[in-house]
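TrEMBL lists 43-62, 74-99, 120-139, 159-176, 244-267, 279-300, 312-339, 411-429 with the feature transmembrane segment.
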Amino acid sequence: MHRSSFKEQAKFSLAVWPFSLKLLWAPLVDSLFIRKLGRRKSWLIPVQYFLGIFFFITGFHINEWLDDGSKVNINALTSVFFILNFLAATQDIIVDGWALTMLKRRNISYASMCNGAGQAFGIFLGYILPILLLSESFWNKWWRTTSIPGGVITLQGYFYFWGIIYIVITTLVAIFKHEKDYLSELDAVDLSIAKTYMLLFSIMKLPSIKMFAIILLTIKMSFCSVDAAFKLKLIDSGITKDEIAAIDLLFIPLNISLPFFITTFTSKEKPLKNYFNTIPYRLLFGVVLATIVYFTPYFLDRTGSLLITYKVFLVLMYSLQQLTVSIMTLTAMTFYASISDPKIGGTNMTLLTTISNLGNVWSKTGALWLIEFLTLKRCSNDPRKLCSTSNNQKEICSLSGGTCEVYIDGFYIETIICTIYGIIWFFIFRKIINNLQSKHVKEWHVEIKIK
């Protein structure tokens, strides 16, 4: 996707919207199931089989959509990854709901620990590992004695591999993992689809949920410029995709182990307090990372590689920024689990994670669009001629023998705006968050009446 414009990146970011829309079908997952198979397995098995099948379909067409490196088919990629994310979002509903009944109430914070460690490992398998395995330059530079074209795998083969893995693992879960009969529990209720949707609307009307929703929908705007564009701007600054993947590789052990330490800490403290107190540090390191992007071109050697001292500094600062991200994510997930009603666990958890995802997605999508809007370019041979995003002005500049050069980078303007917004947000919501943390768990639930 590095050959695409920020506008195309914004379009592709729409593919993750199912994670923000999954609330629409979460009540179906909670209320419709085959009792003999199990409340969660009734959905998990077919969803994961479909994921495996779509991995095969994607693998079959991926080379055509990427067009072997010339121009990507953004529309096709966005469509197919929207479907894949729709299935993955449904899987999220299932697993979140299952965790609330699988774990004892005193151990509920471990749900966020498993979620965090699993996501870190998933990012490694789905993003960092394929980049390294597909990279010709990485293998020729570090592992091969003789340079040969291509990496050690193909992208098509990688999709086929995970299609097989999904189908095999799902079959094993279907055969060997037995689910406790939900309706045999003393406090269990058999909810219809209509009743589950009514309960969802009742939960959404709770004053505590309304205020918490405002927090989740607005907080991510404080960090969206760095979250959405930091790595893209590093590539623009001259760092290769392989180097970024190698840097990400260093974080895998940390990101997998970090949830264990954070969960131990947050299980004893009030999670929202830890969430809120981390915000200033995340704002600070966001500014630091934006500054690093600005100075990166000055620290590239003649071969285009980063100087080792600067690379160490970059990794250190990025590590600290990612630490703040992990703390906020895990403490939020711990709080979601602690206030969710296990009787409608899938819907309750999905409501909270959906609101959070929506806040994340809309801010990132908006950030990518806004960066291009705020970025100003002018023609190299005539500074009076501005190059907007319209192809006409770019062609006029090109015909006159010039190129469009950036003289005001929207990334830095947006980072300043977001940081100021975050500081104001911090002082406005301080007392509100403390009040929400002090509420009794019953104030987050609605009474379930079965006639």
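Even glycines carry a Cβ here, placed using N, Cα and C.
At the 8 Å Cβ cutoff, the transmembrane segment (279-300) and the transmembrane segment (312-339) share at least 3 close pairs (sequence separation 6 or more) and count as touching.
Beyond the ends of the transmembrane segment (244-267), by six or more residues, the same chain brings 109-110, 112-117, 120-121, 123-124, 127-128, 131-132, 135, 138, 231, 234-235, 274, 311, 314-315, 318-319, 322-323, 326-327, 330-331, 334 to within a C-beta distance below 8 angstroms of the stretch. For the transmembrane segment (43-62), the partner stretch with the highest count of Cβ pairs under 8 angstroms, out of 120-139, 159-176, 312-339, is 159-176. Counting same-chain residues at least six beyond the ends of the transmembrane segment (312-339), those with a Cβ under 8 angstroms from any Cβ of the stretch are 99-100, 108-109, 111-113, 115-116, 216, 226-227, 247, 250-251, 254-255, 258-259, 262-263, 266-267, 271-272, 274-275, 278-279, 281-282, 285-286, 288-289, 292, 296, 306, 349, 352-353, 356, 441, 444-445.
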